[in-house]
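Novice: Take a look at what TrEMBL says about it:
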type	residues	note
TRANSMEM	20-37	transmembrane segment
TRANSMEM	74-94	transmembrane segment
TRANSMEM	115-133	transmembrane segment
TRANSMEM	139-164	transmembrane segment
TRANSMEM	185-207	transmembrane segment
TRANSMEM	227-248	transmembrane segment
Amino acid sequence: MTAFKPTDGISFKMYWRHMWTPFLLFFRIPAVAFVGIEYSLMMCWVAILATTQPILFAAPPYNFSSVGVGNINIAPFIGAVVGAIYGGPLNDYYVVYMARRRAGIYDPELRLHMLLAPLIVCPLGLFLYGISIANEQPWIVPCIGSSFVGFGIGSVTSIILPYYGDSYREVWLLSLHFTDFATSWSLIISQLVAEGLVVITFIRNVVSTGISFAINPWMTGLGVQNMFISTGCLCFGTMVFIIPMMIWGRKARSSTADYYLSAVAAG
């Protein structure tokens, strides 16, 4: 065990600055708040599926064993893999295609266009999952619903984090070379981006931990069907902010440019 002390050349004042800067970014930079909220809510749906599956599928009419309940997770896993491909490589190809059509001009908001699919699919999956279980539908029906939720989780998280990284960096894109099949990126991610990721991760952990304690009272108070109807509405109601970010995201970045540049200059 060693005593905590600053590294040579770094004062306690700098340590404290790095502790509160992430929270300032949340309130001053729209992309940080947007990504933090969307990312944390995606983790909520993970927690809700993980908590409700052992309760709902082990009870009648399903009466699944522990192995059967575990295998239910295959459906959201497949959905998440498809979503990660959709939000990863396919999203990269899409922004390259759109940048070509715009005479080589790239805006990070181009990435958000492909969030319109999970905006519909993820709430639909929550509705389908909860309503089908409440009405004792065959097990494959809620599995389809959970796979839709998995697609939403995989695609949204794969899109919004690169969107944040592309929106704010100390050194902008150094080179962007278009080829027939891929895009070669040379990037330098700033310390400021890292500090933004700190508060994004903090919000994700707080929200996903809090929701874990709320699920059982929520389900007991509303019932399975009404709980998942409200969950799907919450999912859609928060994800719909994708549309304003698509339209006004560039203007928001411009309006916060002075603060961003001053924060970068401060180190």
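Including glycine, each Cβ sits where the backbone N, Cα and C put it.
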Novice: Which listed stretch (74-94, 115-133, 139-164) has the most C-beta pairs under 8 A with the transmembrane segment (227-248)?
Specialist: 115-133
Novice: Where, among 20-37, 115-133, 139-164, do we find the most CB pairs under 8 A to the transmembrane segment (74-94)?
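Specialist: Of the candidates 20-37, 115-133, 139-164, 139-164 scores highest.
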Novice: Which residues of the same chain, at least 6 past either end of the transmembrane segment (20-37), have a Cβ under 8 Å from a Cβ in it?
Specialist: 108, 160-161, 163-164, 167-168, 192, 195-196, 198-200, 202-204, 238, 241, 245, 249, 252-253, 256, 259-260, 263
